[in-house]
Amino acid sequence: MIISPLTCAALLSDYSEDWQAATVHPFLEQCQQGSIKPEQFNTWLVQDALFVVEFTRMAARLLAVAPTEHFDTLLGGLGAIKDELLWFQTKADERSLNLLTSPQPTCEKYCEFMQGLANQSYAVQAIAFWAIELAYNQGWQRHSPMAEPYAEFADRWGNAGFTEYVKVLEQQADRALMTASEDERSQAREAFLTVARLEKDFWQMAFSA
Ligand code: HMH
């Protein structure tokens, strides 16, 4: 029997075009140039704050099914998310934006996808979690340095420490995939592609505002 390995690196190379579309977008290009319109940026900011609330719950569910040796990295990630939730509130206050608002359909779809992962194995959840973090790490990094006032946003996900964290998430996801069934591997592929599509749609949602 030939065992076909699946790794995060293989997903990135198998679906490089999808990944490119998830991490390179006019929204980010115009943040870099400083030409993005405030209502476009503010739409992203509010919707992403709503996204991160649901992402926090996804992180908690991931921790709940993770092997003990993966706790340290995931708890560090949850600590960063705690900081991020407060930071989003501060950024919203600075711009007089109300975060108690409804998600747009694209944001809602992304949140539903994350909720649905609750029924999936640790390996599938770990792949999705890594892909979500990598999308922002690479998306913001590829468009750095950014014009003010966007530099701190680019740095939040593009900084070297976050890059290291995402690399450890990749190792943990790869480790989980080593013992995954064929079914789980195909669900992991599916989850990766869904993240890529939803990331592209999320930029487009803000850009179209
Ligand atoms: C849409 N994807 C989106 N928002 C985020 N904050 C991240 C990924 C990274 O956490």
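Even glycines carry a Cβ here, placed using N, Cα and C.
Summarising the annotation, TrEMBL assigns active site, proton donor to Glu199. Cβ neighbours of Glu199 (active site, proton donor) (same chain, under 8 Å, six or more residues apart in sequence): Ala22, Thr23, Ile132, Ala135, Gly139.
As annotated by TrEMBL, substrate binding site applies to Asp48, Glu84, Glu133. DSSP gives Glu84 (substrate binding site) a helix state.
The domain 'Thiaminase-2/PQQC' annotation in TrEMBL covers 19-207.
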Additional residues surrounding substrate, by Cβ distance to the Asp48, Glu84, Glu133 centre under 8 Å: Phe51, Val52, Phe55, Ile81, Tyr136, Arg156, Trp157
Position of peak Cβ density within 10 Å, selected from the binding-site residues Asp48, Glu84, Glu133: Glu133
